[in-house]
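According to TrEMBL, the protein carries these features:
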DOMAIN    A:54-84  domain '4Fe-4S ferredoxin-type'
BINDING   A:64, A:67, A:70, A:119  [4Fe-4S] cluster 1 binding site
BINDING   A:74, A:109, A:112, A:115  [4Fe-4S] cluster 2 binding site
DOMAIN    A:100-129  domain '4Fe-4S ferredoxin-type'
């Protein structure tokens, strides 16, 4: 055979014992691949499973309907939901029910995303935020105030009534889910601005 | 007489505390306590890409007497608990415990008879790190938050007072068996 003429494959040559140093020497001329974490944060993949977020409709009403499907799907029993009825005076979400209590225990949650798959209204999604470490067990149970998405442009914090279109008709729940609500109507936005202005004036009076 | 009476009260000790805290946080030596999959991420954090040597803690000590930070990485079984406690007792003061991952912190998804439901049943935990397993950045974030805690550690009489206050608070706290909702272990 031709192979048997050359060096035997199993037998090391005379330089084999120092060949490893070649690798070490070569590494000296390579660029270090160290990530300078706290100073330069490398963004995660978009699909990274980080902290949860409770989303809102474009007019500020919550998407969560308090159905507890996320809590049922959770393999670690990390989610606690208590639903309650919306009333005409206090409306937090379009439709009948909303999540009154919503807690996620991050010391149980394994960030698997089964709750995201279970959510029927896409109310629960995950962000890419991962800096969650804390010093006590109590502070790692995130309640609704820490999980809710921040108010974006054109949103009014609930409770408030449902969106009214140009003709003054209150839209239905279905239209919310079809994405036909662009933002809070002008009436509501105006009310919010007026309330904020009044609060500012009150604060100025108290301080002066 | 001395300088202590001339400077405002608490000035000298707080400066010494700050200096001691700065030195302590700059040279944490972790004990290797990898128990499960979190240990893989802990090893990755120590390796070249994330490089714990940047925080002065690249030496993972296999001997507890040379370590002052215990990173509990992974689920602690009932059988491992006394071993963990013994290693903690062998570490010299001052010492800190970082509970890495949900299994070490609260039992995680293993809510059964074999796993200790949180390593804080066995040793006092200074910082909890969620994640399953936490990525190396999360571990480094927890370490940086622990550094802040170490920087604030009181010394001498203040340290004794702080320990007393913590003990009193722990005695007054609601027993876990009476807790409701998610806090119930």
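Cβ coordinates are placed from backbone N, Cα and C, and glycine is handled just like the others.
Unlike curated records, TrEMBL annotations are generated automatically.
Sequence-remote contacts of a segment are chain residues at least 6 beyond its ends whose Cβ falls under 8 Å from one of its Cβ atoms, and for the domain '4Fe-4S ferredoxin-type' (A:54-84) they are 91-106, 108-110, 112, 114-125, 144, 147-149, 151-152, 154-158, 160, 162-163, 176, 181-185, 188. The binding-site residues near residue A:115 ([4Fe-4S] cluster 2 binding site), taking a 10 angstroms Cα-Cα threshold over the set A:64, A:67, A:70, are A:70. Comparing the Cα of residue A:74 ([4Fe-4S] cluster 2 binding site) with the Cα of every entry in A:64, A:67, A:119, these being the binding-site residues, the smallest distance points to A:119. The closest partner of residue A:109 ([4Fe-4S] cluster 2 binding site) among the binding-site residues, by CA position, is A:119; the full candidate set was A:64, A:67, A:119.
Residue counts for the domain '4Fe-4S ferredoxin-type' (A:100-129) under DSSP, split into helix (H, G, I), strand (E, B) and coil, are 5 helix, 9 strand, 16 coil. Here the C-alpha separation of residue A:112 ([4Fe-4S] cluster 2 binding site) and residue A:70 ([4Fe-4S] cluster 1 binding site) works out to 12 Å. In this structure, the binding-site residues under consideration are A:115, A:119, and the one with the smallest number of other Cβ atoms within 10 Å of its Cβ is A:119.
Most Cβ neighbours within 10 Å, among the binding-site residues A:74, A:109: A:109 holds that distinction in the structure as shown.
In sequence order, A:109 are the binding-site residues among A:64, A:67, A:70, A:74, A:109, A:119 whose C-beta falls under 8 Å from a C-beta of chain B.
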